[in-house]
Amino acid sequence: MSRKPTSKTASTESPSEAEARIAAEKASKVEETRSDAEIRAESFRTGAQRETVEAFVVAFILALLFRAFLAEAFVIPTGSMAPTLMGAHKDVRCDRCGMPFQVGASLERRGPTMEKTVVAGICPNCRHVNPMDLVNEPNDSTFNGDRILVSKFAYTICEPERWDVIVFKFPGNPKQNYIKRLVGLPKETLTLRHGDVYAHPTGSTQRPEILRKPAKKILSMRHIVHDTDYQSGELIQANYPSRWQPWQENAATPPTDSWQIERTSDSFVAMLKDASDTEPHWLRYFHRWPTEQQWAEASNNQKLANVDPYSSRLITDFYAYDSYIQVNADQVYSEPPSLIRNRSGGRSFVPRFGYSKGVFDPDYQPGVGPDQFRGRAAYGAQGFSKEGVHWVGDLMLEANIETSPSSKELIVELVEAGIRYQCQFDLTSGRASLSIFDQEETVGFDADGESNLHPTAETSVLAGSKHSVRMSNFDDQIVLWVDDNLVSFDTATTFDSRSFRTDAEDHPRYGGLSHPLDAAPVAVAVRGGDATIDHLKVDRDKYYIATKDAQESVIDYDMRKVWQVFSRSMSQLDIQELMTHPADWNDSPLWQTRRSVSFVLEDDQFFPMGDNSPESLDARCWAGTKVRFGMPEGADRWSDASYVPRDLLVGKALVVFWPHSWNSPVPFTPNFRRMKLIR
């Protein structure tokens, strides 16, 4: 019979292993002494920790997937899409009229050391030059560009649409992302003419048709010209005449028995009392602002009452964003700001923290105008951005108007190339009727000009009520809003301005005392009773400059032709001066020197342009870059093309989710006002 082995003879463990086993058994016995509740609690803690770690891992993976396939955040580096999207810029509140505006400053961040410094900007409303206090005012520092969210999935499920703001790989360097507005679509030929965009199917003989923006795009793409909500107390005190003046035909001075204007630094009110029922009483906009000398006189409490209230100039493609006044950095700093070296010895390109503050030159006078730089300050990148150089006739008027029960009619008028576009409200019925006048002749909205003379619509604009009325003539179309609601007419409100004015005739007109026409192209009138207006705002459309070359000044004019027709050398400053003399507009040869350029698109080719046309390197200017920069023929397949191939589309810009924060009164104060959907 076999004998059962004892533990002693069966064990092969060493003394140390035995001690470890005994210790483990004791620990097990200790654990077993815990209550069921303690064991469950320990299990919950372990599970919770594991779930937390798993949640972070899953969130990280989802973030990577979200960024790769759905959406991605981008920072806008430059101002090519201003004012829709801001690159590196300065935020300014005008020190005279109080209007907030932005000026570009991306040129400060083009290298390891700041070479140019923005020291001032021009208000788009009152045109006062606003100097920066770079030493004492934290909010005069340069802010980063907008942070936006881009949908990378949008064009997987649907086609890109015209006027979308898109992100794409730059054909000249596919590693670099660009953001522009999509204007041209595949298989169409695009033509830029006098600031507008026309298109026809590629290969067809059809006449190009103007590309019209939808109403929402019109509102998001307009540019401010003047807003009565922002008034300069200094100009009012100096008796500088209002830009809005009562007017009547053949009058050399404003009539005294018409609109009466009251202004303070906080308000503007135009009042009409006991108006006759037979003739409309006009209130008209004259585009002008004080000279630098007049601003200085107003600051010294001198009077400016001798300014002609009917003096005016053309509305142009002035961009406040491009009006930055810049100097060489050594005019402001003894040690200019430079990129901060990181710990690894390289340079940090983190925009917010990447630049040192620099050391200011003791001769720099913070908050003092650019005269301190003794003629070494330049206006914008091209040196002439103090004013625009292209006449803009596509305008918009916004008015808050209240009429009395006895008022009969309200009229809104816009003028372009001497053609008067009117909306007449019958205040007894609320019916709105549109008309087009060429001198005294009524022309139609249709192609033949004989039918569809007066599109009509029913509105709530009645005598004895107050309404906000907005009207535009952008892109050969009359669009009307009442109380921010789009008005629908019974027939089309589109027209073809080329049927009124040939290419040679498409220029600003001045009619003298009988009618100022393009010298005062925006007006409102009331017939009968009383009326009060407490808000008037003028906007303009974008002006797309016809160019195929960014090497020289980005302008419409062929400067060689300009010199020929004027028989002398002419500069952009001379062109700006011409636009201040209405009597010269009718017969000036300048208008015939404007270019038209065309771009042919085939399948899967898209044509983007920046909203800031004078300072946008976009599809207009890409062709020829290989030769210009000495690139090899085989480099970057599309780098010489005036289009973006479908393969290089990244996505659609959706929202500005984080504009720059404010530096005062508390650092990192959120800028909620500029958070918005991108349209």
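Note: Cβ is positioned from N, Cα and C throughout, glycine not excepted.
For 1-35, the entry in TrEMBL reads region 'Disordered'.
Annotated compositional bias 'Basic and acidic residues' per TrEMBL: 18-35, in sequence order.
What TrEMBL records for 55-76 is transmembrane segment.
The Cβ of S80 (active site) lies under 8 Å from the Cβ of G87, I179, K180, G610, D611, N612, E615, S616, L617, D618, each on the same chain and at least six residues away in sequence. A coil conformation is recorded for S80 (active site) in the three-state DSSP classification, outside any helix or strand. Under the heading active site, TrEMBL lists S80 (among others).
As annotated by TrEMBL, domain 'Peptidase S26' applies to 139-200 (among others). Counting residues of the domain 'Peptidase S26' (139-200) by DSSP class, helix then strand then coil, yields 6 helix, 36 strand, 20 coil.
The Cβ of K180 (active site) has 26 neighbouring Cβ atoms from other residues within 10 Å, across all protein chains displayed. Summarising the annotation, TrEMBL assigns active site to K180 (among others).
According to TrEMBL, the feature domain 'Peptidase S26' maps to 534-658 (among others).
For the domain 'Peptidase S26' (139-200), the model's average pLDDT works out to 94. Secondary structure counts, DSSP: the domain 'Peptidase S26' (534-658) has 34 helix, 32 strand, 59 coil.
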